[in-house]
Every structure is written in structure tokens, then in C-alpha cells.
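Enquirer: In case it helps, Swiss-Prot gives these features for our protein:
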BINDING   17-23, 33-36, 39-40, Gly66, 121-122, Asp124, 151-153  GTP binding site
LIPID     Cys200  S-geranylgeranyl cysteine
LIPID     Cys201  S-geranylgeranyl cysteine
MOD_RES   Met1  N-acetylmethionine
MOD_RES   Cys201  cysteine methyl ester
REGION    64-83  region 'Switch 2 region'
MOTIF     30-45  motif 'Switch 1'
MOTIF     65-80  motif 'Switch 2'
Amino acid sequence: MNPEYDYLFKLLLIGDSGVGKSCLLLRFADDTYTESYISTIGVDFKIRTIELDGKTIKLQIWDTAGQERGRTITSSYYRGAHGIIVVYDVTDQESYANVKQWLQEIDRYASENVNKLLVGNKSDLTTKKVVDNTTAKEFADSLGIPFLETSAKNATNVEQAFMTMAAEIKKRMGPGAASGGERPNLKIDSTPVKQAGGGCC
């Protein structure tokens, strides 16, 4: 039987409340944006199928909205994730400082070889920007993970963020990988080194 897709990737969006995770998801999955998006209670997910290098990839994207206020996202949420997008708000220094804690959550609960992507959202608010692009890029580089600034409002880099993540996962899984499931023989080429104390800015 021929499945309708070659790969199924589970992606997570994590980060502080209000950084625009749901807006990024809505922009990518439905190409919509609303100023008055009400915080999701519990877990929400959307599916979008993309084409990449001649392969059909189904992306199942989970939004952690609601629980992150107390950082009570359960370990089951991370289980089986192929990629995790850590989002902060470029106009909110605290949301950027908290990125380190989110990365620690990933180290604690996600599979060892999960792909990560750092995203600074709300890049359209140039006059309110407090987190410097260079600072965030250097931090991401030090961990060996990709970094992008996005705007869910005007769609800047939203498509690119999810496509980058899908491409990175596909590259890690290699040719002939099954659709989903853990592959213990995957080589781990960019496991981040845990940083010692201090803020990330």
C-alpha cells in the first residue's frame, strides 16, 4: 500500500507565553494572522504537508500554548518529537533569557538527537526590538543550531523556519528512513554542550 507521504515529522513549538507560537503555527498551516488570538488551553496541533527534495513530508506541528506559564509541559509532549522550535519575542528580553531554560527542558525530556531551531519572533516590531540579532545568532551558533528571526504578522521567514527544520530532520534521518519512529543508529552531529549558569545575553 502506498502511503500519501514519505515522512511524518512531529514538530513542537515551545517558548514563553505571548511570544507568538500560535501565530507562527497559524501563519504556516493556514496562512492566517489575527491580533486577537486567545491563548490556547492545553495542546493544539495542526498538520501541513510539504514537498522537499522530491519527497512528500507530513508535518504534525504541536503548539504548547497554555502550559508554559508554569513550565509544566509534560515529558510525554516531547516524546517522539523529531524537531523542536524554541521561540522568543525580539521585543521581550525575558523571553530570550528564558530560552536557556527551554533548552534544558529539551535536554531533559526529548530524544537525544532531536533537531532544534531558535526563532526570534515579532521582527516586524523594529522600534521595540531589544534582543539583538547578532547576540542571538552567536548564541545559536555556540549550540550548533540554526537561528532565524520571523514575523508571523507579515509572514517573514515563517515558511523558511519550518522548511529549515524539515530539511534538517530529513538530512539527519538519511535516505530510506521510515516515516517517524526513533532510529537509534542515527549519528548525532550537533549535540549541544550544556552551558554553565548565567544568562544567555
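Cβ atoms here come from the backbone N, Cα and C positions, even for glycine.
Note that the structure is a prediction, hence the values are computed from the model and not measured.
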Enquirer: Which entry in the list of binding-site residues, Ser17, Gly20, Cys23, Glu35, Lys122, has its Cβ near the fewest other Cβ atoms, using 10 Å as the limit?
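Expert: Each of the binding-site residues Ser17, Gly20, Cys23, Glu35, Lys122 was scored; lowest Cβ tally within 10 Å is Glu35.
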Enquirer: Let me check the 10 A CB neighbour count of Ala152 (GTP binding site). How many other CB atoms are there?
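Expert: Within a 10 Å radius of the Cβ of Ala152 (GTP binding site) lie 28 other Cβ atoms.
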Enquirer: Limited to the region 'Switch 2 region' (64-83), I'd like the whole-number average of pLDDT.
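Expert: Residues in the region 'Switch 2 region' (64-83) carry a mean pLDDT of 70 in this prediction.
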